Amino acid sequence: MRQERRLYSLLGLLLLLAVVYLTWFPTTHDGGGGGGGGWVKLPVPWLQPRMPFAARRGTHFVDADTGSPLYVNGWNSYWLLPARSPALAAEMLRRGRRMGLSVCRTWAFSDGGPGALQISPGRFSEAVFQVLDYVIYEARRNHIRLILCLVNNLDNLGGKAQYVQWAQAAGANMTNSTDSFYSHPTIKRYYKDYVKAILTRRNSYSRIRYSDEPAIFAWELMNEPRCVSNSSGPYLQAWIAEMAAYVKSLDTNHLVTVGTEGFYGPGIAERLGVNPGEWAASLCSDFIQNSAVEHIDFASVHAYPDSWLPRASLEEKVRYLSNWVDSHLNDSEQILKKPVLFTEVGYLQHSDANSNSTVDRDIILRIVYDKIYDSARKLQAGSGALIWQLMVEGTHMYGDNFSVVARDRPSTYSLITNQSCRLQRLYGEGDPGWQCSIPP
């Protein structure tokens, strides 16, 4: 009888908890932008899986708790926030987990315009902020870490052009050039205010501050920073140093990277021949100089051989890509002495009937994967690659000519998953709930 009373008491307690959750954390409906339905808001940090921070030791990443090496197989889905669909974001993160992927790079910004996160300088949409909360919360539930980018060089979703427009509207004296983003005090203050709002945000689901959230792998200062005028290069370099130091002043838990494409500047003249063309040296980007900044923890590189070399044969693109990757691996290991991530690796999906895009993409991806795996075996600087970009059904409006629904491309799906397997077998790190099903 006493055992039955205890059982009834336990059942009553569980029922009470259920009523409290349904009362205080009701289903919240999708904010629009791509379907999705609703989701239940459960701010219970003790339900989150334990996850250590990612850290850096010399030229490679480590588990901050154990010191074990971390090598990344990841992907880009920039649209997780702008889609404003928790259901689609959750599905993408689940699919990433099924492939053994460990890091997703996505945008943590949406500046101005309809449905923006930052409506105007320092003014935010709480509803959109809660979408970002959910993305981070759901990433941790799936043992995925996020690289969160803080602003765009491009005009997409606002970018630095929106900051310039805001400053001009406020009466700031400046030219129309978006290069003002890197040097004008008003714009730099806007950016710092935004960074502070993001880093000090307390997640409405987990109640964990972003700066204390281990599911965040790193902060990226800008997506593909470039200048209009080559004379603005020193301003970009100073901006990187200032903003990296500012991020670190607010958050010592997380890694910081610039977000560069990896183009070489005039600092080391013999490297200019590694660029895809003379045009690349005129964009102010200088891979070595930008990445050498004290508070930058790792270098970033992009790889788009098809769009960078549109007239080249596949054989020429393969040869170029191999040299591009090798050069950045060697410079990161020997000069920078920092890890390097190939944070975007993409190949155009041609629509013509004679195109062999999937096969060509797999060839390009395999080159990068093999070089990363070889680096991982040697505990060297090549620390991972992230395909651009993965989608799920219902996100076509956020796609581009590089987008892939992986399960619709069996060869690509297998290639991505096999890379996850290879890296897991080396050091056994990553999602403890994911086991490779591909025989060695």
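Every residue, even glycine, has its Cβ placed from backbone N, Cα and C.
What Swiss-Prot records for this protein:
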type	residues	note
ACT_SITE	Glu224	active site, proton donor
BINDING	Trp107, Asn223, Tyr304, Trp388	substrate binding site
CARBOHYD	Asn173	N-linked glycosylation site
CARBOHYD	Asn176	N-linked glycosylation site
CARBOHYD	Asn230	N-linked glycosylation site
CARBOHYD	Asn330	N-linked glycosylation site
CARBOHYD	Asn356	N-linked glycosylation site
CARBOHYD	Asn401	N-linked glycosylation site
CARBOHYD	Asn418	N-linked glycosylation site
SIGNAL	1-22	signal peptide
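Note on proximity: of the glycosylation sites Asn173, Asn176, Asn230, Asn356, the one nearest Asn223 (substrate binding site) is Asn230, by Cα distance. Reduced to three states, the DSSP call for Asn230 (N-linked glycosylation site) is helix. For the pair Asn230 (N-linked glycosylation site) and the residue listed as 'active site, proton donor', the C-alpha distance works out to 15 angstrom. Comparing Asn401 (N-linked glycosylation site) with Trp388 (substrate binding site), their Cα atoms are 10 Å apart once rounded.
Sorted by the number of other CB atoms within 10 A, the binding-site residues Trp107, Tyr304, Trp388 start with Tyr304, the lowest. On a Cα basis, Glu224 (active site, proton donor) lies 14 Å away from Trp388 (substrate binding site).
Take the recorded positions Asn173, Asn176, Asn223: by the count of other Cβ atoms within 10 Å of each Cβ, the lowest one is Asn173. Contacts of Glu224 (active site, proton donor) defined by a Cβ separation under 8 A and a same-chain sequence distance of 6+ are given as Asn152, Asn153, Leu154, Gly259, Thr260, Glu261, His302, in order along the sequence.
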